[in-house]
Structures are given as structure tokens and as C-alpha cells.
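Undergrad: I have a structure I would like to understand better, so I am pasting it below and will then ask my questions one at a time.
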Amino acid sequence: MLNVNFVNEESSTNQGLVVFIDEQLKLDSNLIGLDQQHHGLISKTIQNKLQFTGKYGQIKVIPSVIKSGEVRYLIIAGLGNEEKLTEAKIEELGGKILQHATGCKISTIGLKLTNRISRFTSQTFASLVASGAFLASYRFDKYRTTLKEAEKFAVESIEIFTDNSTETAKLFEIKKLIAEAVFFTRDISNEPSNIKTPQVYAERIVDRLEPLGVDVDVIGEREMKNLGMGALLGVGQGSQNESKLVVMEYKGGSKDAPTIALVGKGVIFDTGGISLKPSSDMHLMRYDMGGSAAVVGTIIAVAGQKLSVNIVGVVGLVENMPSGNAQRPGDVVTTMSGQTAEVLNTDAEGRLVLADAVWYAQEKFKPKCVIDVATLTGAITIALGNTYAGCFSNNDELADKLIKVGEEVNEKLWRMPLHDEYDAMINSDIADMANIGNVPRAAGSCIAAHFIKRFIKDGVDWAHLDIAGVANSNKASALGPKGAVGYGVRLLEQFIKEYT
């Protein structure tokens with residue numbers, strides 16, 4: 001794990017030294033001495049616009065011309081236009097710096113802050129850069145046994161020179177705690193499905209949350225049957241691995257404080273069931289529990305900070321497998337709410353899991369607000385690509401807050417429509433509703449949202465986040481490698497702070 005330190009006095013023991021230059025290409029007053037020490041290397045570089053323009057995110061790694069001393073590289077990072085800098089951009093810049101240092105095999109980095117930023121305190125700037133670097137340091141290579149030494153290389157430490165190291169370290173500790181919650185979400189999402197069975201996943205939740213003072217209850221199939229959870233149980237009945245409902249309760253607020261319920265889809269592996277998916281890219285269905293992982297990660301972050309809020313998390317953990325005992329297209333299931341659903345497509349299973357999970361959360365905990373998170377539809381990826389998650393809500397204020405926070409932490413949401421005509425499309429001839437719409441390939445994400453909406457009680461504020469396009473990525477970003485992104489943890493953690 002990357003070691004991050006904040007110190008008041010500069011050290012010359014780091015192999016790489018980072019400096020920041022904006023698009024005006026002017027040296028900070030605190031860089032003049034350093035530039036002279038390195039025989040004008042920084043000033044010469046920024047005077048040559050073919051080498052460096054100062055645009056945001058540009059990183060230039062230059063071998064030092066000094067033969068003595070520990071500093072082997074100067075790393076010049078472009079800030080762009082200071083007025084356009086956001087906290088999210090500063091964080092991503094920290095990730096880019098770490099990635100370039102890793103590529104150049106620089107094991108220790110010193111970071112010299114800039115004097116040219118007036119909109120952020122030096123403590124805030126330093127903690128954000130450190131947070132981005134820490135997030136970018138994540139790896140999932142536990143099953144790779146033949147890695148070459150060069151592939152194993154990782155930056156060991158970052159040392160940030162700041163005039164208030166104690167205060168900056170306090171800010172970073174909170175960000176580090178949140179990042180570690182993101183790492184749990186990434187880890188469990190990246191885990192192969194033959195390892196993370198519903199039972200194993202549930203055990204990992206217990207092991208991670210109980211030491212933080214979170215009450216965790218793991219409900220098995222017998223109890224779910226007694227509760228009438230026919231929708232969730234129907235999805236998992238084709239698997240030899242027993243389905244689980246994991247209930248997490250964090251009581252950090254007063255008894256009369258409102259409860260926020262987070263509900264996550266945890267389909268450990270989704271073959272599509274009898275409505276079998278194509279084999280191409282089916283292996284990516286190990287990420288179909290990304291919503292549940294985001295819920296667990298959020299509760300880790302909230303409980304770790306001991307926030308004064310009441311949060312409950314409910315995640316349904318199932319495997320959607322074909323077998324002689326699997327659910328069939330045309331089956332009718334009775335949900336915990338008493339409503340019935342005709343299963344016309346067994347690959348539209350996530351909404352069935354959520355139907356019972358959101359109802360359970362409302363019945364037991366009487367929350368003021370319910371937010372469900374799910375890799376629910378391929379249709380949302382067609383609509384929004386891999387940039388935005390879809391946000392459906394019955395409350396404009398709730399949706400606006402979520403979208404605002406999403407912009408702040410760079411986990412973007414786009415408001416999607418709800419309409420009575422969409423709701424009418426899931427009416428069934430033989431049951432209360434069907435799990436797909438009656439117009440093929442039409443409004444798939446909206447149809448799925450309306451299915452869940454039928455299980456939200458009157459007076460409950462509700463948002464549904466369809467994260468199918470953003471939960472995992474086939475390419476690296478500034479804040480992490482390809483694979484599980486950990487989307488939703490930072491969004492929901494920040495929302496909870498602001499909402500309460």
C-alpha cells in the first residue's frame with residue numbers, strides 16, 4: 001500500500017520531485033531556487049512549448065542533470081487554468097502523477113506545492129493530490145503468480161511538503177478511509193465468482209463491518225421463504241449456492257433521526273438463467289453485484305468516520321444460473337409485498353432481487369429515504385455510455401442533491417424520466433406486473449425503474465441508480481486500473497454527509 005506523508009520541511013531523499021506549473025508558464029517564487037539548483041531545467045522546459053504547455057493533466061518527467069543527490073527525476077505537472085480547477089480535477093492530477101512515476105520506476109516521490117492557486121488552501125490541495133495518488137495505487141493481482149519484477153513495481157511513498165503538515169494529515173486520513181472503502185468495493189467486485197459465493201461474500205461483509213460497530217444480519221433461504229421473498233428466491237433457485245440477504249445497520253444518529261436505506265443488487269454471477277446470455281463477455285457478469293458492493297463500501301466509509309447518521313444497508317446476494325431447478329420464462333412469483341410478477345425473461349433478474357430487498361428495508365426500518373444501486377440494464381449503457389449512471393427518482397430535491405454531489409466527486413449521474421406510460425408497459429395479463437415491458441427493446445432502463453417503483457411505499461423518498469455502464473471499465477482511469485471502479489461509494493458517502 002502506498003505510504004503518504006506530509007512534512008513541513010523539504011527533503012532531498014526522494015527519487016522524484018514534483019512541481020506544478022499552470023498554463024501561464026511562470027515559475028512560482030518558491031521554485032526559483034530549485035530551478036537554479038537544477039541548472040535551469042524547469043525554466044528551460046516550460047519555455048519550450050513543444051515540450052510543455054502547462055495544460056491540465058500534462059505530466060513531463062525529466063531526468064535530473066545533477067549527478068549527486070537522491071533526486072533523479074523532476075516531474076512537472078500541468079495545472080491548466082486555475083479558475084477551472086475543481087477538487088475532482090486536483091484528485092485526478094494526483095492519480096496521473098502516480099501513474100507516470102510508476103511507469104518511470106520512480107519509487108519515492110517528493111511533492112512541492114504551488115503558490116499560484118488561490119481558490120484552495122494548501123492543505124486542501126495537498127490532501128486531494130494525495131487522495132488521487134492513493135486511489136490510483138490500487139491493484140488486484142492476487143491471482144497472478146508469474147508477474148515479472150518490472151510488472152510488480154509500485155511507488156512506495158509520496159512525501160508532500162506543506163506548511164501545516166498536521167492539519168493536512170487529518171484531512172487526508174478521512175480521504176484515505178474513504179479510499180479504503182472504495183478498495184473493498186473494487187476487491188469484492190473483481191473477485192472471481194467461483195470464490196465469492198453468496199456465503200463467502202456475506203462472511204466478508206461481516207468481517208469488515210462488525211469491527212466498525214455495524215450490526216450485520218445474514219438471512220438464509222429458509223427465513224427468506226418465511227418472509228415471502230418469492231422474487232429474490234426465484235432468481236437464485238437454479239444455483240447450488242444458497243442465496244443470502246445481508247442486512248447492515250449503522251446507528252450513529254439519535255433515535256429520532258431519520259434513517260436512510262441503501263439497497264444493492266448483488267447478483268454474484270449472471271448467466272441470464274434459462275434466458276441465457278451470449279457467451280461473449282459473459283465473464284464480465286462477475287461485476288453484476290457492483291450495486292451491492294457500493295452499498296457495503298458506503299457503510300464502511302460512514303461507520304469508519306463514526307458519522308452521526310442512521311444508515312441501513314440491504315443487499316440481496318444470488319446467482320442466476322440455468323439448471324433443472326431454475327426459474328422458467330412464464331413463471332409467476334409472489335413478492336414479499338404480496339404483489340405478483342410474471343417472469344417473462346429470466347435475464348431481467350436484478351429488479352426481482354431489488355423488489356424484495358427494498359420492501360424488506362421499508363417494512364423493518366421505516367426509512368425516510370431509499371436509494372437502490374444496481375448494475376441493472378444494458379439499456380442504460382446504450383443511453384449514457386460509460387460516463388454517467390442513470391438516476392431515477394420520485395423526488396426532485398433528492399435527485400438534484402445526488403446529481404450535485406456526483407459532479408463534486410466525479411461520479412456523474414444523469415436524471416432519467418419516470419412516466420405513467422412506462423409504468424403501463426409492465427402490466428401483465430396473468431399477474432400484477434411483468435418483469436419486462438410489452439414493447440420489445442423500448443425504454444429498457446425506464447421500464448426497470450418503474451418495476452422497482454411499484455415496491456416503494458407512499459411518502460418514501462426514493463432514488464434508483466442504474467450503474468451498469470460505470471461499475472467496471474475496460475480501460476484504466478486516472479484513479480485506478482481497468483476492472484471494478486468502485487463507483488458509488490464516494491457519491492453516497494458525500495451525499496449522506498450533506499443530506500443529514
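Heads up, the Cβ atoms here are built off N, Cα and C, so glycines get one too.
On a predicted model such as this, the values are computed, not experimentally measured, just so you know.
Reproduced below are the annotations present in Swiss-Prot:
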- Lys265, Asp270, Asp288, Glu349: Mn(2+) 2 binding site (BINDING)
- Asp270, Asp347, Glu349: Mn(2+) 1 binding site (BINDING)
- Lys277: active site (ACT_SITE)
- Arg351: active site (ACT_SITE)
Undergrad: Compute the mean position of the Cβ atoms of Lys265, Asp270, Asp288, Glu349, which form the recorded Mn(2+) 2 site, and then list in sequence order the other residues of that chain whose Cβ is within 8 Å of it.
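TA: Everything else in range on the chain: Val235, Gly266, Val267, Met285, Met289, Val318, Asn320, Gly350, Val353, Ala374, Thr375, Leu376.
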Undergrad: Who sits close to Arg351 (active site): which same-chain residues at least 6 apart have their Cβ under 8 Å from its Cβ?
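TA: Once residues fewer than 6 apart are set aside, Arg351 (active site) is near Leu376, Asn435, Ala448, Phe451, Ile452.
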Undergrad: List, in sequence order, the residues of the same chain other than Asp270, Asp347, Glu349 whose Cβ lies within 8 Å of the centroid of the Cβ atoms of the recorded Mn(2+) 1 site.
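TA: Residues close to the Mn(2+) 1 site, other than Asp270, Asp347, Glu349: Val235, Val267, Thr271, Gly272, Gly273, Ser275, Lys277, Asp288, Asn320, Thr346, Ala348, Gly350.
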Undergrad: In Å, rounded, how far does the Cα of Asp270 (Mn(2+) 2 binding site) sit from the Cα of Lys277 (active site)?
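TA: So the Cα of Lys277 (active site) lies 8 Å away from that of Asp270 (Mn(2+) 2 binding site).
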Undergrad: If I restrict to non-local contacts, at least six residues apart, and a C-beta distance under 8 angstroms, what lies near Asp347 (Mn(2+) 1 binding site) in its own chain?
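TA: Within the chain, Asp347 (Mn(2+) 1 binding site) has Cβ neighbours under 8 Å at Asp270, Gly272, Gly273, Ser275, Leu276, Lys277, Asn320.
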Undergrad: Tell me the Cβ contacts of Glu349 (Mn(2+) 2 binding site) under 8 Å, same chain only and six or more apart in sequence, or just say none.
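TA: Counting only residues 6 or more apart in sequence, the Cβ neighbours of Glu349 (Mn(2+) 2 binding site) under 8 Å are Val235, Val267, Asp270, Gly273, Val318, Asn320, Asn435.
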Undergrad: What does DSSP call Lys277 (active site) in the simple three-state scheme?
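TA: Once the DSSP labels are grouped into three classes, Lys277 (active site) ends up as coil.
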Undergrad: What does DSSP assign Asp288 (Mn(2+) 2 binding site), in three states?
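TA: DSSP assigns Asp288 (Mn(2+) 2 binding site) to coil.
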Undergrad: Under 8 Å Cβ to Cβ from Lys265 (Mn(2+) 2 binding site), same chain, six or more residues apart: give me those in sequence order, or none if nothing qualifies.
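TA: The answer is Asp288, Met289, Gly291, Ser292, Val315, Gly316, Gly350, Val353, Leu354, Ala357, Asp372, Val373, Ala374, Thr375, Leu376.
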Undergrad: Using DSSP and three states only, what is Glu349 (Mn(2+) 2 binding site)?
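TA: DSSP call for Glu349 (Mn(2+) 2 binding site): coil, neither helix nor strand.
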Undergrad: Let me know how many other Cβ atoms fall within 10 Å of the Cβ of Asp288 (Mn(2+) 2 binding site).
TA: 28
